[in-house]
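Here is what Swiss-Prot records for this protein:
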BINDING   Gly206, Glu207, Pro208, Gly209, Val210, Gly211, Lys212, Thr213  ATP 1 binding site
BINDING   Gly605, Pro606, Thr607, Gly608, Val609, Gly610, Lys611, Thr612  ATP 2 binding site
COILED    391-525  coiled coil
DOMAIN    3-146  domain 'Clp R'
REGION    6-71  region 'Repeat 1'
REGION    83-146  region 'Repeat 2'
REGION    159-340  region 'NBD1'
REGION    341-545  region 'Linker'
REGION    555-765  region 'NBD2'
REGION    766-857  region 'C-terminal'
Amino acid sequence: MRLDRFTSKFQIAISDAQSLALGRDHQYIEPVHLMVALLDQNGSPIRPLLTILNVDVTHLRSKLSEMLDRLPKVSGIGGDVQLSSAMGAMFNLCDKIAQKRQDAYISSEIFLLAAIEDRGPLGQLFKELGLTEQKVSQAIEQIRGGQKVNDQNAEELRQALEKFTIDLTERAEQGKLDPVIGRDDEIRRTIQVLQRRTKNNPVIIGEPGVGKTAIVEGLAQRIINNEVPEGLRGRRVLSLDMGALVAGAKYRGEFEERLKSVLNELSKEEGNIILFIDELHTMVGAGKGEGSMDAGNMLKPALARGELHCVGATTLDEYRQYIEKDPALERRFQKVLVDEPTVEDTIAILRGLKERYELHHHVEITDPAIVAAASLSHRYVSDRQLPDKAIDLIDEAASSIRMQIDSKPEALDKLERKIIQLKIEQQALSNEHDEASEKRLRSLNEELNEKEREFAELEEIWNAEKAALSGTQHIKAALEQARMDMEFARRAGDLSRMSELQYGRIPELEKQLDLATQAEMQEMTLLKNKVTDNEIAEVLSKQTGIPVSKMLEAEKEKLLRMEEVLHKRVIGQKEAVEVVANAIRRSRAGLSDPNKPIGSFLFLGPTGVGKTELCKTLANFMFDSEDAMVRIDMSEFMEKHSVARLVGAPPGYVGYEEGGYLTEAVRRKPYSVILLDEVEKAHPDVFNILLQVLDDGRLTDGQGRTVDFRNTVVIMTSNLGSSRIQENFAMLDYQGIKEQVMEVVTKHFRPEFLNRVDETVVFHPLSQDHIKSIAAIQLNRLANRMEEHGYQLEVSDKALELIAQVGFDPVYGARPLKRAIQQSIENPLAKSILAGSVLPDKKIQLIVNNDQIVAHQ
């Protein structure tokens with residue numbers, strides 16, 4: 001008999017039966033081998049068929065194993081197995097039954113029907129189990145749904161809805177869906193479209209993270225609770241699993257067959273099913289090959305006739321890119337636009353979800369934490385949408401607290417490591433017998449005993465606190481289950497069970513929870529089980545790098561003494577340092593304008609007076625690293641076309657995918673100092689781009705993304721008017737010099753640019769005393785570099801004064817000083833070190849001899 005007369009599943013089962021016979025040293029493939037192979041096969045229709053017939057599959061499997069054990073074994077046959085005569089007869093009978101049923105192919109369930117008619121041991125076993133030809137035929141009709149077997153893959157396409165969809169109404173019944181708060185208008189509009197006679201297919205469109213899928217889940221929950229119009233009551237909402245539909249479709253036409261079987265089953269349900277297609281744009285082009293039809297085109301006829309009640313969900317960009325390009329598909333859907341919820345709506349949504357997250361993480365989420373998550377994420381996370389970004393903050397903050405409870409607290413962990421370290425030292429000293437070692441051992445033993453006692457006390461506290469925290473978790477879980485049971489009872493109309501739960505079990509559990517929570521309220525030493533606004537702020541700071549957590553006393557003190565810290569590196573520029581320090585303090589105190597950068601400054605002054613140095617010092621103060629500064633040399637942007645490098649090339653140009661130099665840097669580090677050095681050398685068009693940054697704290701890059709500059713300090717430096725400063729420094733005060741410089745600046749920059757800068761600061765030329773202070777800083781850095789190599793450097797006052805005189809130049813500022821230090825100190829020292837005339841252990845003194853600085857050791 002030809003194997004290609006069997007369905008593909010049946011062919012695989014025959015191969016499995018052959019392997020089974022071979023493995024058990026049987027010479028012939030008997031019907032029992034094939035029956036075992038069909039039972040064990042993944043996705044075979046035999047198991048569901050036997051379940052319909054109320055047959056205990058486990059009992060049947062053990063009986064078949066006994067039959068296999070009784071078959072004769074033959075050794076040394078070289079792996080040659082053949083079909084037995086009983087098997088051949090069974091196949092002939094299968095062929096006969098298939099022809100009677102007008103099937104083009106022989107499917108697996110036909111073998112079960114043939115086995116019942118068989119007079120062999122397999123037929124006898126089925127008769128004992130009470131199976132008759134009539135019963136099996138009825139069950140086969142039920143599984144097939146009135147379909148003939150006209151395709152080799154017919155078995156795979158059966159029960160397509162169970163295989164390729166997820167039942168959202170069933171999940172809602174089981175309480176597996178999160179509650180949907182608000183969104184009443186959108187759900188009502190969706191129901192309104194579903195009630196139409198034709199084109200009753202809403203497509204929910206919105207930005208990622210605004211809650212499109214949640215609207216469909218809300219619809220499923222309303223259907224379960226009978227809170228929908230009469231026309232939608234009793235409907236099922238099924239979510240199409242595109243992954244399952246495409247996975248394993250190896251040959252052309254297989255994907256289309258699967259989709260067609262889903263559509264056929266949906267049409268049989270006669271409008272009782274609402275099909276939800278998440279990421280609707282994936283249907284356009286899915287399964288598209290040369291000469292084949294894609295999924296979108298296969299859906300069109302069913303959508304137009306109103307046979308298929310479909311709800312789609314996709315983002316605005318993907319709707320424009322895929323759906324709008326196909327007007328025939330677009331007109332079959334009705335748009336339901338979903339906007340981002342407000343901060344107030346988000347707080348309501350988070351309050352509704354709070355219990356689910358508390359139950360999952362076994363921690364308590366306070367109301368200030370919910371308010372902080374909504375407001376802080378709205379202000380500081382600009383590239384994502386509410387409520388998704390706020391839920392993420394709550395989830396991660398709760399996760400971090402749970403992690404601290406489950407793992408050892410930091411204090412306990414440090415103490416344990418210290419004890420291990422002391423024990424290693426104790427072991428090493430116990431082998432030594434000199435007086436010093438014995439003395440050290442005695443003090444070590446005392447220290448070790450003290451640490452172990454401290455560790456034992458802390459561990460006891462930790463275990464007690466852990467036990468106290470876990471007490472409420474069981475009560476919360478039981479309370480959640482009781483509420484779910486009450487909901488089931490309400491739907492089933494079981495009033496006695498409902499009242500028993502509502503007035504007995506639930507109030508009792510709530511009372512227990514109150515008592516347990518009060519016990520937990522006692523002050524914890526090591527652990528905490530509450531998510532507060534502090535934890536939310538910490539998580540946000542880690543995600544974005546923006547410091548939004550409450551300031552510790554040390555940080556407040558540091559900010560109040562900010563000028564003092566900056567003056568240690570920036571000498572003689574009092575006004576500039578004050579202006580910058582005030583801007584940072586305003587920002588950290590929360591008083592700065594939330595729609596503008598923290599501060600925008602234009603630093604003017606001659607070369608070498610500390611304009612760039614102040615930016616570096618500020619970055620170091622704020623981030624403990626000068627690398628946190630985004631430095632852009634504006635002399636690179638002298639040509640008109642180079643402006644595109646800041647925000648990224650426009651579409652169609654090379655480098656479009658790479659993004660802009662400025663925008664990408666700020667997207668990666670939203671909290672940073674941006675230094676636009678030598679700004680007057682840039683092309684005038686660059687300033688048109690900066691207007692938006694300085695005014696609204698935002699900039700749109702080449703790919704249309706909005707980049708947030710509200711947490712940056714923008715500093716621009718320029719040498720404009722430096723000649724006026726040099727000429728009038730001795731004669732005019734600071735205000736007079738500033739007016740002189742601004743005359744030059746207003747001729748170069750446009751008024752709308754200068755008007756948007758917060759402060760224009762004029763830097764003073766440096767005096768002899770300033771240069772001396774800078775020389776001390778520079779020589780201190782040199783001493784630190786030498787210390788790394790084991791040399792100690794000491795500078796005499798006379799040497800310091802001499803180097804300040806040599807390096808002083810009122811025109812070029814502090815830069816000549818660097819050159820003077822290199823020539824007079826660093827070069828001779830390098831020669832001395834290489835020659836070996838100075839030694840690492842002894843102190844090197846820089847002294848003046850005959851107006852020359854010499855190294856003396």
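Using N, Cα and C of the backbone, Cβ positions are placed for all residues, glycine too.
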Candidate with the highest Cβ count within 10 Å, taken from the binding-site residues Gly206, Gly610: Gly610
Binding-site residues compared (Thr213, Thr607, Thr612) - highest count of Cβ atoms within 10 Å: Thr612
Fewest-neighbour residue among binding-site residues, criterion Cβ within 10 Å, set Pro208, Gly209, Gly211, Gly605, Gly608: Pro208
Nearest-integer angstrom distance between the alpha carbons (Cα) of Thr612 (ATP 2 binding site) and Pro208 (ATP 1 binding site): 41
For Gly610 (ATP 2 binding site): DSSP state (helix, strand, coil): coil
Packing count at Pro606 (ATP 2 binding site) (other Cβ atoms within 10 Å of its Cβ): 22
Of Val210, Val609 (the binding-site residues), the residue whose Cβ has the fewest other Cβ atoms within 10 Å: Val210
Cα proximity to Gly610 (ATP 2 binding site), best match among binding-site residues Gly206, Glu207, Gly211: Glu207
Environment of Gly206, Glu207, Pro208, Gly209, Val210, Gly211, Lys212, Thr213, the listed ATP 1 site - residues of the same chain whose CB lies within 8 A of the CB centroid: Thr315, Val338, Gln385, Asp388
Rounded mean pLDDT for the residues that make up the region 'NBD1' (159-340): 83
Binding-site residues compared (Lys212, Lys611) - the one with the fewest other Cβ atoms within 10 Å: Lys212
Gly608 (ATP 2 binding site) to Gly209 (ATP 1 binding site) - Cα separation in whole Å: 50
Helix, strand and coil residues within the region 'Repeat 2' (83-146) as assigned by DSSP: 46 helix, 2 strand, 16 coil
